[in-house]
């Protein structure tokens, strides 16, 4: 058997953490890197997840705003706005055009970094040795970056046979579903629920727990659900799915059990948004001495080192929070190790901000109220309606509110949550203050441009 080809770093999976590691090692440090990708160059985010879905959501927002045109004096031009039907091929074409542009950027970056891109499925055949596309590779460092995929629960009778849509296929529909049934009331489920309702579909969300978005504070969820259901989305909670029959794209029936009362919901399409599972099977990880957790994620320490010397795991497959920005931070942690200056604490002391890209957006960082209460952490609360963020009045929609948690005996910010138009854009200021330990009073004394969304933070922090 021939000797394996040597690289400074071999990366399995070209998602966020992996590609930035290759680009930086190659361009800045002159390292020879190989990156293995089986399908989506650049990973899920620019191809089938974050960016395409937000592009899609924007198209849905345009459709929604068009139907409100009469309130802006355009009623004579769109007298039948409520009857407008969306040509679903057009949002699809917009998405494809965006993805194509992103791929050009990715290819250019790999070339600049002199990174060899190898198409195929990488599999460990020994310690730090990988087989792919008829080749054997080895390196000083190996990085596992294989991501996750949508969970399709095979324990639900008939679900797999119904050929349900996932977040991937739902972006490629060329015909508008007459009735979209969504299993799961998390981020993916609610974003697509509102988007497809705005395109004109009837939408039903089925959630097994008592309420959607179980991690969020109850007041936030109540307000967001009010907005989404106000647009016509039906949400069923505390629901057990007994059976699925039919075929998505034709006719599908879901038998739902709520407190012993069974009903049947019939739709044209079904979308599963009930969670994700790591892509760690059939990779020969055991051959390399790489252990998994109970949930089948790669077992790592705070520096993202696996149980095998010289092998790291990053992103979703390593159990990091399922956000692209967290995967990017994983890149920073691994790079610090590969360049000889491990980041103190690694992944243990980092912020995990999040935004639910419904309209209105739900933005969060730090402690939630119920988390502080559960942990016995005393705090002071500042809370303000979005109507006091004067920019929302100029935009014609002031629904929602924001709140901030501050130390009971000090001035540090513990957590922040906002529901409103462009709420996600408020996070950076709050995050910076939290990261640097800046007093909430200092934030309340900032001079921020009027009228911007950020200006509202002054009033919010003064309300503590």
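Glycine is no exception: its Cβ is also placed from the backbone N, Cα and C atoms.
Under DSSP, residue 450 (active site, proton acceptor) is assigned to coil, being neither helix nor strand in the three-state scheme. Here TrEMBL flags 450 as active site, proton acceptor.
Sequence-distant contacts of residue 54 (FAD binding site), defined by Cβ-Cβ distance under 8 angstroms and a gap of at least six in the same chain, are 357. Look at TrEMBL and you will find 54, 122, 316 tagged as FAD binding site.
For residue 50 (disulfide bond), the Cβ neighbour count at a 10 Å cut-off comes to 17, with all displayed protein chains included. Sequence annotations record features per position, and here TrEMBL assigns disulfide bond to 45-50.
Annotation comment: TrEMBL describes 7-326 as domain 'FAD/NAD(P)-binding'.
DSSP assignment over the domain 'Pyridine nucleotide-disulphide oxidoreductase dimerisation' (352-458) gives 37 helix, 31 strand, 39 coil. Taken from TrEMBL, the feature domain 'Pyridine nucleotide-disulphide oxidoreductase dimerisation' applies to 352-458.
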Sorry to bug you, but what's the C-alpha spacing from residue 316 (FAD binding site) to residue 45 (disulfide bond), rounded to the closest Å?
12
Could you measure the widest C-alpha to C-alpha distance across 54, 122, 316, the residues recorded as binding FAD, and give it to a whole number of angstrom?
30
Could you tally the C-beta atoms, other than its own, that fall within 10 angstroms of the C-beta of residue 122 (FAD binding site)?
26
Other CB atoms, at most 10 A from the CB of residue 450 (active site, proton acceptor):
10
Average the per-residue pLDDT over the domain 'Pyridine nucleotide-disulphide oxidoreductase dimerisation' (352-458) and send me the rounded value.
98
